[in-house]
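Summarising the annotation, TrEMBL assigns transmembrane segment to 103-121, 133-158, 170-192, 204-224, 271-293, 314-337, 366-385, 392-409, 446-468, 474-495, 502-523, 543-563 (among others).
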Amino acid sequence: MASLALTSSYLPSLRSRLPKSDSNAQIRCSSLRSSLPKAAIFGNGIRTSFRIPSSLSSEAKSVKPALNIGSSRGNLSAFTVRAASSSPSAAVAPASQPWQGAAIKPLIASIATGIILWFVPVPSGVSRNAWQLLAIFLATIVGIITQPLPLGAVALLGLGASVLTKTLTFSAAFSAFGDPIPWLIALAFFFARGFIKTGLGNRIAYQFVSLFGSSSLGLGYSLVFSEALLAPAIPSVSARAGGIFLPLVKSLCVACGSNVGNGTENRLGSWLMLTCFQTSVISSSMFLTAMAANPLSATLTYNTIKQTIGWTDWAKAAIVPGLISLIVVPLLLYVIYPPTVKSSPDAPKLAREKLDKMGPMTKNEIIMAGTLLLTVGLWVFGGVLNVDAVTAAILGLSVLLVTGVVTWKECLGEAVAWDTLTWFAALIAMAGYLNKYGLISWFSQTVVKFVGGLGLSWQLSFGILVLLYFYSHYFFASGAAHIGAMFTAFLSVASALGTPPYFGAIVLSFLSNLMGGLTHYGIGSAPVFYGANYVPLAQWWGYGFLVSIVNIIIWLGIGGMWWKAIGLW
C-alpha cells in the first residue's frame with residue numbers, strides 16, 4: 001500500500017493509465033474516487049492522504065503533478081498531486097494556523113507613539129490629564145492609520161487605555177455612544193441595505209447610467225451637482241451623503257461591475273466614492289443650511305464681532321469659489337486617481353435594457369421610495385417640525401423594519417455600520433475631552449501669541465492663522481467640535497491683527513467645512529463613504545491632503561478676488 005495526496009482530477013487521469021483489461025483495478029479506482037472526502041474535492045489548498053492498493057501505486061506515482069482545475073468559488077480548486085512516503089506510518093503534517101492577532105509592527109508603532117508622548121514633559125498651561133489623553137489620542141490615530149487591527153478594535157483599545165490609566169472615567173470614555181452623529185451614520189448604512197436589497201438603488205442607478213453613463217466623468221458630475229442642489233435643503237451632510245447618495249453611488253458601482261473585494265474597485269468605485277465625498281464638503285460650505293455646524297459659525301460670529309451672516313450673504317460669498325471647486329476637484333481626481341473604465345458608449349443602451357427587464361416597481365421598492373421621501377422631508381423641514389436628523393432616520397428605519405423591507409438580522413449583519421459607530425464614537429469622545437481638559441484652548445492661545453508676535457501684515461498673519469486653523473482639524477472628529485473650540489479665538493486674533501472682521505468670519509466659516517475632507521473621520525460624510533471600503537486608508541488621507549491644497553488655492557485665490565469684488569475686504 002502507498003500513501004498519496006489525491007484530488008478528484010487525479011483519479012480520472014490515474015484511471016486512464018490503467019490497462020482496460022484490468023477490470024478489477026478499474027473498479028477499485030472508481031470506488032476510491034467515490035469515497036474521496038469532500039475536503040479533497042472542494043477544499044481550497046487542502047491536501048488529504050489516502051491509502052490506495054499497491055496495484056495502483058505504480059500508476060499513481062507516474063501521474064504528473066500540479067493539476068489546475070479552476071477557482072475556489074463554486075469550482076474545484078487547484079491542487080498538487082504528489083506521492084508520499086511508501087511507509088505505512090507516513091502522515092501529512094497539519095498546516096500551521098496563520099496568525100490572526102494584531103499586526104505586530106503597526107501595533108508597536110502605535111504604542112510607541114503613545115509612550116513617547118506620555119513621558120514628554122507637560123508644557124506650561126496644560127494639565128497632566130490633557131497631555132495623557134493627547135498621547136492616547138495620537139496613539140489611536142497612528143493605529144487607525146497603520147491598522148494593526150480593524151478600526152473599531154483600535155478605537156476600543158484606545159478607550160480601554162484611557163480608562164485603565166484613569167485619564168477618562170468609563171462614562172466619559174463611552175459618552176459619545178450617546179451622540180446622535182455616530183448613530184446617524186450607522187442608520188445611513190441600514191438605509192443603504194434597504195436601498196440595494198429592494199432593487200430601488202439599481203433602478204435609480206440604471207436611470208443615471210442611461211442618461212449620463214456613456215462616460216464615467218459625466219456620471220460623476222451628475223452626482224456631484226445633484227448633491228449640491230440638495231445641500232441647501234438638507235442641513236445634515238451625514239444624512240445627505242449617507243441616507244441618499246451613498247446607496248445610490250454603491251448601486252452605480254455594482255451596476256458598472258465595480259465591487260469591493262474582487263479587484264474591480266478601481267473600475268469605477270474608488271474614484272466615484274472619493275469624488276462624491278470630497279465634493280460633499282464643498283457643497284456643505286456653500287450654504288448656511290448645508291451643514292449642521294454652519295449656524296454655529298454664524299452665531300459665534302455675531303457673539304464675537306456683533307455682525308450677522310445671513311443665508312443670502314453666505315451663499316453670495318461662496319457661490320463662485322464653490323462652483324469652481326465642484327468643477328475642478330472631480331476632474332483633478334479623474335486625472336490623478338482615474339477609474340479604469342472611462343468610456344462606455346454601450347452603457348446607456350444596456351441600462352435601458354436592464355430597466356425594461358426589471359419591469360414596474362415592486363411593493364418593497366415603493367415602500368422604500370416612500371420611506372426615503374418621508375425621511376428626506378423631515379430632514380428638510382425638521383427645523384419647523386422640531387424633529388432632528390437622527391430622529392427622522394430612526395423613524396424611517398422603523399418603517400422599513402415594520403414592513404419587512406429590512407430585517408433586524410440584516411441590520412445586525414451590517415458589520416461596517418457597527419465598526420464605524422465604534423471608532424467614530426471613540427474619536428468623538430477623546431477629541432471632546434481634549435477640548436474639555438483645556439488642551440485646544442491652550443493650543444489656540446499659543447498660536448495666537450506666536451502669529452501676533454511676528455509683526456507681519458494682516459494678510460500674511462491671516463494666511464498663517466487660516467492654515468493652522470485648517471490643518472489642526474487632524475485632531476478633531478467633528479466640525480462642530482472644532483468650530484466650538486477654536487473659531488472664536490482665531491477670529492478674535494485675526495481681527496486684532498487687522499483682518500476685516502466680517503471677512504475673517506466668512507473665510508473661517510467656509511474652511512470649517514472644507515477641512516472635513518482631510519481624514520476619514522473629520523466630517524459626518526467621511527465615515528459613510530470611507531466605510532464602503534473602495535478606497536484604502538493611505539490613499540484616502542493622501543488625496544484628502546492634496547485636494548485640501550487645491551481647495552485652499554481656489555477659495556483664498558479666486559475666492560479672494562471675488563470677495564474683493566463684492567466688497568468684503
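All residue numbers here begin at 1 and follow the chain in the order shown.
Backbone N, Cα and C atoms are what each Cβ position is placed from, and that goes for glycine too.
Please treat TrEMBL annotations as automatic predictions, because they have not gone through curation.
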- Hey, would you say the transmembrane segment (446-468) packs against the transmembrane segment (366-385), going by three or more CB pairs under 8 A that are 6+ residues apart? no
- Compare 204-224, 271-293, 366-385, 392-409, 543-563 by their Cβ pairs under 8 Å to the transmembrane segment (170-192) and return the stretch that comes out on top. 392-409
- Note on the structure: Here the stretch out of 103-121, 366-385, 543-563 with the most C-beta pairs under 8 Å to the transmembrane segment (271-293) is 543-563
